[in-house]
Each structure stands twice: as C-alpha cells, then as structure tokens.
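Structure, as structure tokens:
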Ligand SMILES: *Cc1c(COP(=O)(O)O)cnc(C)c1O
C-alpha cells in the first residue's frame, strides 16, 4: 500500500517548492524530529538570536534609557509591518501589544460600550476557550446575554446558524477565522456582511489564520480583530499579540484599560485620561521590547515568502495529510476531522481517533513526530509551509501508520497532563 504515493513523489514536490530554501532561515537542530506543531509555537528564525543579542547588548546595555525614543514606536511600527504583509490592513490600523486574551477583552468591551441598547453577544460554542471565558466575564459583569452558536466539531460554524442568530439585539459577534481544533475556515467577507445587515460588529480572532491564509481585513469589511504572533508568525513563546481597529471606527471606540500608553501626549503626564487619536488609544502600558524585537526577523522571512505562496503550499501539505490518512490510516480507525475541501480549511488538519491523546504521546516519544492532541479525541497536525517539507509530512504519516499497525500507544498513559 505504501506504493500508492511513494516517497519520491514527496521529494519531487520539495524539489519544485518555491519556498524550499526558506527552511534554512530557521534553526533546525534535530533533522530527525518532525515538527508539525508550528501552529502552537512557530520555530526559531535563524536570525533571531543575533538580533536579540545585539538589542540586549547595544540597545539596552549601552544605550540604556536613550533607546526609548526608538522603542516607543515599535508597537505601531510592527503593527504596520503586520498590516502590510499579513493582514491586508492600512497603516495606522494595527498595533502589537499585550496578549490575545487581553486584546480581545479590550476590543470586546469597547465594542459593547459603543453598542447602544443592544444586549446580546454571539460566540462559536466551539471557539478557543480564552475567547469564551473572556466573553463570559464581560457578559456577567454587564448583565448581557452570551449566546453560544452551535458549531460542528469537524466542519466549523455554518453561515446559516450564524444568520439565524443575528438580530437587532446583537451587539457583538466573536469568531475565529480558522478554528483551532478542525482548521475550518470562515468566509470573513460573508460573515462581516451578514453582521452589518443587522448592525452588529464582528471581532475576529486570527490566531490560527495569520501567516497561514490570506487575511484581507480592509477588503473583507472587517472592523475589529486580534491575534497572536507566536504561532505561524514565529515571534517566539509569549510574543505580544496584535489588534486591529478599522480606521473609520477608531475615534468612536474607547477601550476599558486607561493606561498611559493610550493617552494623548503621553509625556505631558496630564491630570486626566484623554485617549490618543488613532489606533494608539488601544495601547496600555510599557511594551515588552525584547519580545517585540523578535518579531522583526520573523516578519522578514514572512515578507520574503509572501502569504499567497505560504497558502498555496499549505493547501498542498494539508491535501497530502488528507490523502495519506485516507489511504493508510482509515483501516486503523482514523478519520479526517477537518473540512475536506481545502478552500474551507486553514493550515492544519485534525484526525479523529478514540485514542488520540495516547497516540499523540506515542507519536512524539516513540516516533519523533510532534503534533498535538486536542479535546475530545483529535490529533492535530500543523505543517508550517515556511519550514515543513512535503517529505516531512510523508515521513510523519508513515511513522504514524507504523505506530498504528503495532498499536504502539496501548502502553502509553492516557491521563490528562498540564499542557497538551
Ligand atoms: C492560541 C490562541 C489564543 C491565545 O491567546 P493568548 O492570550 O495568547 O494565550 C487565543 N485564541 C485562539 C483562537 C488561539 O488559537
């Protein structure tokens, strides 16, 4: 059966891959380890250590506080870089700051404050937990109704379910463009248009979309968005997140955390809070400069590749996972748990198996393939087009099939752990 898609075909795809050379722009210490978790924590760009070393020694060590006139613009500067290379947004619409969770809170609260008498928030019932928790807290504190939209674990939210829930009481809709579990991809323009018809605002979570699929915030009519930079953007563990507020909306929104970085003429140290004009008003406090700095070398690689080419390769990597699952793994109880149509899927593919947790552990410890487990019974595989080769996907699937033939997970513990 291994002859149905021989390994040399994967090698041929790599030989024709226009992004193949970019793999060398990442630190890959262990060539035998197959890393399919770039959608949790992207790899370390090769230029990052020296870039940070220079910043620490010169910017911090030598220049000290005299570096701040440069650093103070970095949230905006990096926001504009992201806007141009990954988000389809205009200059002055994106800043990098805080975490995705905090930015989600800031923008959701600002939208709710501006929503007049509307009292309903909609969220995908299967959305990433932090989104649901933040909204639960906001709804509780304000006495609003949070409605959970039923959504298919494999196929994601259907547009007709959203349409059925949209009415003139809806203030805010929070959705992920790409589902963290299945990879289901939403049509952002269609969702934005449906919400606009009833006067509701959509706040997009782009964590699994940015750097994997083309995001066109301006063209799709998006108003608000947040997302993280440590997944497909390779900004490093805990790298600060971004937020986007459409230009036309900025002056009408006030965020709830009135910090001094969001203040007009910050260094006049005025008596009362007066929000800065533009997107700066969504900043809060002193940014983590070392973490911000790591985004520059990461964005250099992204800009060189271009999201269109990343997407084209990501589709084919995903199709390879789907095809090899069908051919090799179905007899062993695996099933594709993501949309099969690549137009409806982001960068990762999930496989259903009742023993997914044990399998994901066995795969990492016995077969040296790092993917991850997602509740309730999904093995999630996230090939990152900037550094994952077709042959890596082929080998990972081959190792998984070998594991399945031997049922090698049977002796692996199945208890939950602190991180999965
Ligand atoms: C990874 C992820 C987050 C992470 O939020 P943090 O505040 O950075 O922990 C949020 N939302 C989604 C959809 C994610 O995939």
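Positions of Cβ are set from backbone N, Cα and C atoms, glycine also.
Features of the protein shown, as given by TrEMBL:
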BINDING   100, 101, 128, 129, 130, 131, 205, 208, 230, 260, 286  pyridoxal 5'-phosphate binding site
MOD_RES   231  N6-(pyridoxal phosphate)lysine
### Same-chain residues at least 6 apart in sequence whose Cβ lies under 8 Å from residue 128 (pyridoxal 5'-phosphate binding site)
176, 180, 205, 207
### Query
So of 100, 205, 230, 286, which of the binding-site residues has the fewest other Cβ atoms within 10 Å around its own Cβ?
286
## Note on the structure
Those binding-site residues among 100, 128, 205, 286 lining ligand 1, judged by a Cβ under 6 Å from any of its atoms, are 100, 128, 205
### Neighbourhood of residue 130 (pyridoxal 5'-phosphate binding site) by C-beta distance under 8 A, where only residues 6 or more apart in the same chain count
100, 101, 104
### Length of the line joining the Cα atoms of residue 286 (pyridoxal 5'-phosphate binding site) and the residue listed as 'N6-(pyridoxal phosphate)lysine', in Å
23
### Task
In three-state terms from DSSP, label residue 100 (pyridoxal 5'-phosphate binding site) for me.
helix
### Query
Max Cα distance spanning 100, 101, 128, 129, 130, 131, 205, 208, 230, 260, 286 (pyridoxal 5'-phosphate binders), Å?
31
#### Entry: Set of same-chain residues at least 6 away whose C-beta sits under 8 angstroms from the residue listed as 'N6-(pyridoxal phosphate)lysine'
38, 39, 40, 41, 42, 207, 208, 210, 211
### Task
Reduce the DSSP letter at residue 128 (pyridoxal 5'-phosphate binding site) to three states and note it down.
coil
